[in-house]
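The structure appears right after this line, and notes come after that.
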Amino acid sequence: MADNLEPLEPSLQNLVEQDSLKWIFVGGKGGVGKTTCSSSLAVQLSKVRESVLIISTDPAHNISDAFDQKFTKVPTKVNGFDNLFAMEIDPNAGLNELPEEYFDGENEALRQGRHARDDQRPCPGIDEAMSYAEVMKLVKGMNFSVVVFDTAPTGHTLRLIAFPQVVEKGLGKLLRLKMKVAPLLSQFVSMLGMADVNADTLSQKLDDMLRVITQVNEQFKNPDQTTFVCVCIAEFFSLYETERLVQELTKCGIDVHNIIVNQLLFLQKSHDSCSMCASRFKIQEKYLDQIADLYEDFHVTKLPLLEKEVRGPESIRSFSENLMKPFDPKAEPKE
């Protein structure tokens, strides 16, 4: 990069101001504070968007703990907010675990797809892939201005991100071969116990499935509509996972230009007698320098390690201000 490159704003202001964004994924290594960051981002978005949904795709489902409010698979208004909603789902469970009200009106096709997929459970990999596809299609059809995804740790998230390309490619090849393999498809249908479905019907189902996957894949790769925020801490393994995640996202064609470095120590004079604080500070400084070198064309937001946990809507509301402007350790803490 050029030596005179101006550093980018060290905040998430760019995301909050990008009105075209529809999906914002927040992810990283386990234990780095993804849920706190995604919840804080959702709070800031609720100030400028008509309606915001934060959705957990992490089986651990920590957003209920973060907001100190029980959430389910139905979008529920967050206490203290008029336009912020939250829900928790497990993509691996598929649409069978989602409530019937999701499948009214325009989503009737998804209802049919869910029941048709019940007969395909013996096919390894198909179930998980289509669960992801259907959940994402479902979210795409919801009437929220923007959706924030609180994702599972890196490995699980990479599968979520990569699935549209993999399935789209596989289904495309299968459909191109459908004329050659029609007899085999008929045998395949019989093996699945779908005697009333012929090869043409199955081909149509695959065609419909491909259409859904293609729509999701197009939105995934559209930087005007979708972006990814990586959360890490200033330690070796977290930085390693972040670089792996950034490379995979880039390979998949998914926009990523924001990194949050969480749980940072900002040394005060009162910490002079704390040798461990000083040691941790030096370690973090080393990795912050590496982050600055690796991601000079990223918005890098630095968040503090606090004395108290961030829990409850008011605590998150207060902490979320750190996403919009650099943290000032000299500022008076808000109660």
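Just so it is clear, glycine is given a Cβ too, placed from its N, Cα and C backbone atoms.
The ATP binding site annotation in Swiss-Prot covers LYS29, GLY30, GLY31, VAL32, GLY33, LYS34, THR35, THR36, GLU235, ASN262, and the record cites sequence analysis as its basis. DSSP assigns GLY33 (ATP binding site) to coil, not to a helix or a strand. The number of other Cβ atoms within 10 Å of the Cβ belonging to GLY33 (ATP binding site), over all protein chains shown, comes to 22.
Residues or ranges marked as active site in Swiss-Prot (evidence: sequence analysis): ASP58. Over all protein chains present, the Cβ of ASP58 (active site) has 23 other Cβ atoms lying within 10 Å.
Taken from Swiss-Prot, the feature Zn(2+) binding site applies to CYS274, CYS277. Its own atom aside, the Cβ of CYS274 (Zn(2+) binding site) has 14 Cβ atoms within 10 angstroms in the protein chains shown.
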Note down the number of other Cβ atoms within 10 Å of the Cβ of LYS29 (ATP binding site), including every protein chain shown.
22
Let me make sure I understand the span of the ATP site: among LYS29, GLY30, GLY31, VAL32, GLY33, LYS34, THR35, THR36, GLU235, ASN262, what is the greatest distance between any two Cα atoms, in Å?
19
Tell me the coarse DSSP state (helix, strand, coil) of CYS277 (Zn(2+) binding site).
helix
Distance [Cα-Cα, Å, rounded] between THR35 (ATP binding site) and ASP58 (active site):
10
Please report the Cα separation of GLU235 (ATP binding site) and CYS274 (Zn(2+) binding site) in Å, rounded to an integer.
20
Binding-site residues compared (GLY31, GLU235) - the one with the fewest other Cβ atoms within 10 Å:
GLY31
Round to the nearest Å and give the CA-to-CA distance linking GLY31 (ATP binding site) with CYS274 (Zn(2+) binding site).
24
